[in-house]
Amino acid sequence: MQATKIIDGFHLVGAIDWNSRDFHGYTLSPMGTTYNAYLVEDEKTTLFDTVKAEYKGELLCGIASVIDPKKIDYLVIQHLELDHAGALPALIEACQPEKIFTSSLGQKAMESHFHYKDWPVQVVKHGETLSLGKRTVTFYETRMLHWPDSMVSWFADEKVLISNDIFGQNIAASERFSDQIPVHTLERAMREYYANIVNPYAPQTLKAIETLVGAGVAPEFICPDHGVIFRGADQCTFAVQKYVEYAEQKPTNKVVIFYDSMWHSTEKMARVLAESFRDEGCTVKLMWCKACHHSQIMSEISDAGAVIVGSPTHNNGILPYVAGTLQYIKGLRPQNKIGGAFGSFGWSGESTKVLAEWLTGMGFDMPATPVKVKNVPTHADYEQLKTMAQTIARALKAKLAA
């Protein structure tokens, strides 16, 4: 892989994972992804982050297209997750760096991942600066974005922010800059990444942005460890504003309905609800759990105002695809949502109670009584569903107007 020049002395190195579709084992990456590392040439030439271990050869080739890897003096490891630090042992062997800089929690994570004995590790503190020669870098801890060890690196004179996982997207492309990607594609990839990885840490996101802005960080280049680089002040402002928007989790007039069904009764109910919400002027997304991955459902929920869940009763509970999706969503802590529950049953009928408990447990408002139907829905049942949709739509409109 050839390095990509960002500005004089700054190069993107790393690897493109064209085949990635299962990112971190729990979320889809339908466009693939990248593992970005950044080479900064100076009196102390420094590599920021590495790549997954299996891509170490591509990383070394990228570095070698700029300089001999043995000329690297420093390594900065901003985050120890193995898609960014997996190639660290190979880099240490190839480069023999004078020092390896990381956060205090990064040092602990490095020890527990690699069990090293004699690496030249040096801890840097929040706000600490390091001179590389002509250039100076400042480190800022960004804990829980999205690991405890996370930090970013800021070059004030060059206005370059190496942001680690923050502002990342799962995009594998020959284009390496944000202004080369259609804005709707970029924004969707950013939202999917944030919703499925960073969303539990929305308060930390807002705090980190406040801290960085307060420290005078106003980048013209944002260099994340996944996806494309944001190039230009306007592009960087776009990225920051989107993160604030995602973290604030303000509701919209969008309703997501997800469900599973055995003999189509719950599916019929879901379709009636979708049409009823549309009649109320809502934007509707109807998602069958067997056709839609849980991360796709969460991506749609991230900017929705209401989430309606359906399942038939199964062994006094709910179907496993619905249960798994709810468990996944709960861990991501969506806020400011209205909920609703529906489902069919044969004899015991507990599913709607279980669904309502899930949604209430996630802090969702529940303005409408769940609707349950014995076996196959009738016209009267459909009228109940329409009433449910009207009640939730009114509550959503009131929430948006507040």
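Backbone N, Cα and C atoms are what each Cβ position is placed from, and that goes for glycine too.
Database features, via Swiss-Prot:
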- 30-216: region 'Zinc metallo-hydrolase' (REGION)
- H79, E81, H146, D165: Fe cation 1 binding site (BINDING)
- D83, D165, H226: Fe cation 2 binding site (BINDING)
- 255-393: domain 'Flavodoxin-like' (DOMAIN)
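Here the features listed in Swiss-Prot are placed on the structure.
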residue : record                   : Cβ contacts under 8 Å, 6 or more apart
H79     : Fe cation 1 binding site : D49, A85, G106, W147, D149, S150, M151, N164, D165, D225
E81     : Fe cation 1 binding site : W147, D165
D83     : Fe cation 2 binding site : H24, Y35, V51, K52, D225, H226
H146    : Fe cation 1 binding site : D165, I197, V198, P200, Y201
Worksheet entry | Packing count at D165 (Fe cation 1 binding site) (other Cβ atoms within 10 Å of its Cβ) | 23
Worksheet item: Excluding H79, E81, H146, D165 themselves, which residues in that chain have a Cβ inside 8 Å of the centre of the Cβ atoms defining the Fe cation 1 site?
Response: H84, L145, W147, S150, N164, D225
Item to complete: Would you report the average pLDDT that the model assigns to the domain 'Flavodoxin-like' (255-393)?
Response: 98
Worksheet item: Beyond D83, D165, H226, what residues of that chain have CB atoms within 8 A of the centre of the Fe cation 2 site's CB atoms?
Response: T33, Y35, N36, H79, E81, H84, N164, G168, P224, D225
Worksheet item: Within 10 Å of the Cβ of H226 (Fe cation 2 binding site), how many other Cβ atoms can be counted across all chains shown?
Response: 26
